[in-house]
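Student: My questions will all concern the structure given below.
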Amino acid sequence: MARGIFITATGTDIGKTYVTALIIKRLRETNINCGYYKAALSEAERRDGKLIAGDANYVYNIANIKGDPNDAVSYIFQQAVSPHLAAKLNNVEISMERIKKDFYSIKNKYDYITVEGSGGIVCPISTGKEKIMLDNIIKIFKLPAIVVADAGLGTINSTILTLQYMKEKNISVKMILLNNYNHEDIIHIENKGYLSDNLLIPVYTCNKNANNLEIPVEKLIEIYEEI
């Protein structure tokens, strides 16, 4: 039975892909067969007439995953917009059946699977024939989640609002990870302290431009659940 986790964030460009890559890298360095999946990806680069799934490509390179990164993403769009809008612009109908098929195909290849979301937690994936929100994908695969937040000013508000939404959707949050953390920045220190003191969820940090996570691998293994 495979084990899985979902990586979401308090907003766009917080560092989900960066953190996702470091988590998978950490596990794979300890000989854990960990893979990657993303339902929909925007802002893909076109090379030689082919769209390249940039986020997946980054994760595969950092975590040393073999194979074609495009195979880890169900829907790849060039426009730098939300998946639902990209689908509209390209006349594409996003299907939960295809997402499920691709997810289970990836899942069958790995013992651990790390699923990356799109944007923040409130993200429409499809507003076409099927109405799909990001939380629908999390729940259909029964995945627990990690919330990535920026360490700086405003993160207390955005983190707590994100957690409240996820609680309403009955999504289990296993960890908060403050990205771009500076151990000498008083705001970062205070934010971590406040969240740690007022939440029942463990709060970890990731230093800016870090090549590795400081989180013990045992802690990472613990938060992945059977799926």
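Glycine residues also receive a Cβ, built from the backbone N, Cα and C atoms like all the rest.
The ATP binding site annotation in Swiss-Prot covers D13, I14, G15, K16, T17, Y18, D55, E116, G117, S118, G119, N179, N180 and is backed by sequence analysis. Annotation source Swiss-Prot lists Mg(2+) binding site at T17, D55, E116, citing sequence analysis. If you look up Swiss-Prot, you'll see K38 marked as active site. Residues annotated as substrate binding site in Swiss-Prot: S42.
On this model, are these features tucked inside or out on the surface, and what's nearby?
Tutor: In the three-state DSSP scheme, N180 (ATP binding site) falls into the strand class.
Cβ neighbour count for T17 (ATP binding site): 23 (other Cβ atoms within 10 Å of its Cβ, all protein chains included). In the three-state DSSP reading, T17 (ATP binding site) counts as helix.
K38 (active site) falls within a strand segment according to DSSP.
Counting every protein chain shown, the number of other Cβ atoms lying within 10 Å of the Cβ of S42 (substrate binding site) is 21.
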Student: Out of the binding-site residues listed (D13, G15, S42, N180), which are within 10 Å of E116 (Mg(2+) binding site), Cα to Cα?
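Tutor: Cα filter at 10 Å returns nothing.
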Student: Please compare the binding-site residues D13, E116 by how many other CB atoms fall within 10 Å of each one's CB, and tell me which has the fewest.
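Tutor: Looking at the binding-site residues D13, E116, the Cβ with the fewest others within 10 Å is that of D13.
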Student: For the C-alpha pair, I'd like the distance in angstrom between G119 (ATP binding site) and S42 (substrate binding site), rounded off.
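Tutor: Cα of G119 (ATP binding site) to Cα of S42 (substrate binding site) measures 10 Å after rounding.
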Student: Near the Cβ of G119 (ATP binding site), how many other Cβ atoms are there if near means within 10 Å?
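Tutor: Other Cβ atoms found within 10 Å: 20.
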Student: Near K38 (active site), which binding-site residues out of D13, G15, D55, G117, N180 have their CA within 10 Å?
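Tutor: Cα filter at 10 Å returns D55, G117.
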